[in-house]
């Protein structure tokens, strides 16, 4: 075993030499009472230092005992236990007075609550009210988020200062940016969406005013203005009202003002109706939330007030229109016994049909039962008749002859792959009908059929011009049947006289009626119409134009309705743009024509009353002695006596 070196006693430095004992301060609180506090962090720190020193001493003792070996006596263990108990007791005695001093100090030191004066007692209620926003604020915040998405570079997010843009405050008198707009929304500075729209325009206009057109800021402002106006358009706002719940609750500026006034008046009434003996704090009253019934009552009152305001505005508009009409409109109530059967709730009526075609009961040709009434609508199937389709088996396909040119002696001469008849039948068909198509001959024949009257009409028109209508008269005379007693000699004499008259008339008026001749040529011999005035001529031209438009409309409708719809469509094809345009032109022409004539020239009085739904009261039948049941009963003898004597008597 090696020799162990003993440590010199001078090398042992107890913990007390390095750690200074904490100083104690005496605080006098409330006069005679004294409390001791150490300059350390607390009495707990001083006890910590003492525990550490005792722990080091205990370690040294253990080392000495190990060196002595197993020579210890059992009585030493008892002394060790007693010493340990005393040390523990001494530790507790040292710690106890410090803790008591701390407790006394805590009890005697006055407590100062440092509460910020700005924070109210009911902070939770105020915070809850701050979170709740009006529908207008939620709508504006939604629009602001959409607008800011159109500014990815954040050019308009914060205010512009002179440090960023020199001379900005001198050029732009009313600056605007997204942060300012958000602050105004938070402070309820906007009363309508139009105000937000104006500020947005101002922001973009300021950027376009300060920057040059070739800069990125000018281009970004122009692009943002274009996209922002689409977002703030009425169509987009209406679509948002349908898709977002709080957008549907938007009210106009006037309605919001009415709501504020109504809420103020409601608060005053509720405040006056409360018991005066109950003291209510002002702050507590401000943060109290209203009951559901109170909210519902306020909502009903608000709706009633808004309805009354809308009626008042409509009444003001009606009065203004009556004043501006210059006597054409009046508020006088007509003392009439007629009533409108088709009258709308707002007091207006419409003219159903100008010239009614539907017959009513009692009129000639009236049919009370129609096919549509008995059969009803088609529940299944297609909306068109089944078209004719030729069976493929009825189609004759002859053989096809092949021609390979020279040096093809052993090649097949015809191909019967797709033929359904024999070669002999094919030869018979080819020899009868040939191989050339007859489309050209058919087209010429169709052209001659359609235009055979045109050359004759042109020739007759030219002859009428040269003979001043004598040619047409001669044709009419020739076409009329001659009398049976007239012979061939008389016919030849009549023809000679007609020819002489035509030649004389041709020589007399050769140079005087050139304009008339041209008009006759353009009208293909039709007699020219002469009008009494220029207005009548214009009216007739308008009628002719309307007639032409109606024919074109009919042709367009026939073309659309006769077109076979695709198999995937069940309903009929809708009217085309051409039909809509023609119908609009016809309507405008008829409207202009109807304005130039009196109503009696277009339709009868009965027709107008029937179309408007005006029912005339029946005459009083008390004075009449006619029995109205005669038409529905069997014919009987009826003796009618004047009412002064007695009523009608039936025998």
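Including glycine, each Cβ sits where the backbone N, Cα and C put it.
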Candidate ranges 65-96, 129-160 [criterion: Swiss-Prot lists as motif 'Nuclear localization signal']: 65-96
Range annotated as coiled coil - as stated in Swiss-Prot, picked from 501-532, 533-564, 565-596: 533-564
Given ranges 215-256, 257-298, 299-340, the stretch to which Swiss-Prot attaches the annotation region 'Disordered': 257-298
Mean of the pLDDT scores, which run from 0 to 100, over the coiled coil (533-564): 88
